């Protein structure tokens, strides 16, 4: 109908080289996945949307494609390099040390199942991945950037995707060091993030699931949006069997105000910090979003991460974007040894989580649950 009415060509975004499109206003971008979701983006007049399109019985949502001005909400990355060790130095990675045990003091170890996420595909829908970094070399799992929605630019020119990927499955920094890490680039230095690209990234992963229904797929998304269409796409992704993890956001607001974290079936992750010894405790961070839409917490302040300055750069960062990949890695650890559905993996996260240890929730009522990885 759109092709005939608007006299425009339709292109499947999952197969499209966006650099070949000269005029975005005169094409129809089709992000549909057969049997899962149907959707399109193109230039409409306001009157066409209000008087015709939104009144069609088979149109669920007709939303404006808004640019997200601050997609990662000023998350902090410290450029001071950390001491690098050849092996997992848990004394330098309190975030990993914390999620394998229930109580303090930290035991300076990170203990996890031997499979380490092998055979599980974690899609990092973000800014790309700096593949030359040492954290992604010599791993059992593959690390690739498979798709970009930013012209033909696959490189991580921002660093955020590399940060996230290193926590998910980096060789020494990662929760699930044998998982496959697959980058899907939806934003970057010269590629402002908008609702369209978030949905393009989500539906691209859905298409990979449709192509191979038996694949074990985790989708990690750190960006938040106020667009209900983003929430609808996330909901359909979970229905398709994708384990969907998202950061709660960094505004010290109710997480229920943002998509896709508002969607009940996704795993929405808030951020904790660890206070300094000798009286170590878990506290909600000052910036973390909170509320009933949060599934659980994970470390999100001063987390060691891979940078893009050089193949050996290790920095530290803070934000719920860095909490979410801890949980994506934990789900990968589960899936390597099971065939859990998204609903079951969420239930298992809640079952094994560390209970009632997080301080500072009195005025930010949130489930007092801290991520704990499965035992070996």
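Glycine residues also receive a Cβ, built from the backbone N, Cα and C atoms like all the rest.
A TrEMBL annotation is a machine prediction, not a hand-curated record.
Values in this document were obtained by computation on a predicted structure and should not be read as measured data.
Over in TrEMBL, the protein carries these features:
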type: DOMAIN; residues: 117-360; note: domain 'Peptidase S8/S53'
type: ACT_SITE; residues: 126; note: active site, charge relay system
type: ACT_SITE; residues: 160; note: active site, charge relay system
type: ACT_SITE; residues: 321; note: active site, charge relay system
Rounded to the nearest Å - Cα separation of residue 126 (active site, charge relay system) and residue 160 (active site, charge relay system): 7
Separation of alpha carbons, residue 321 (active site, charge relay system) and residue 160 (active site, charge relay system) (Å): 9
Cβ packing number for residue 160 (active site, charge relay system), 10 Å threshold: 26
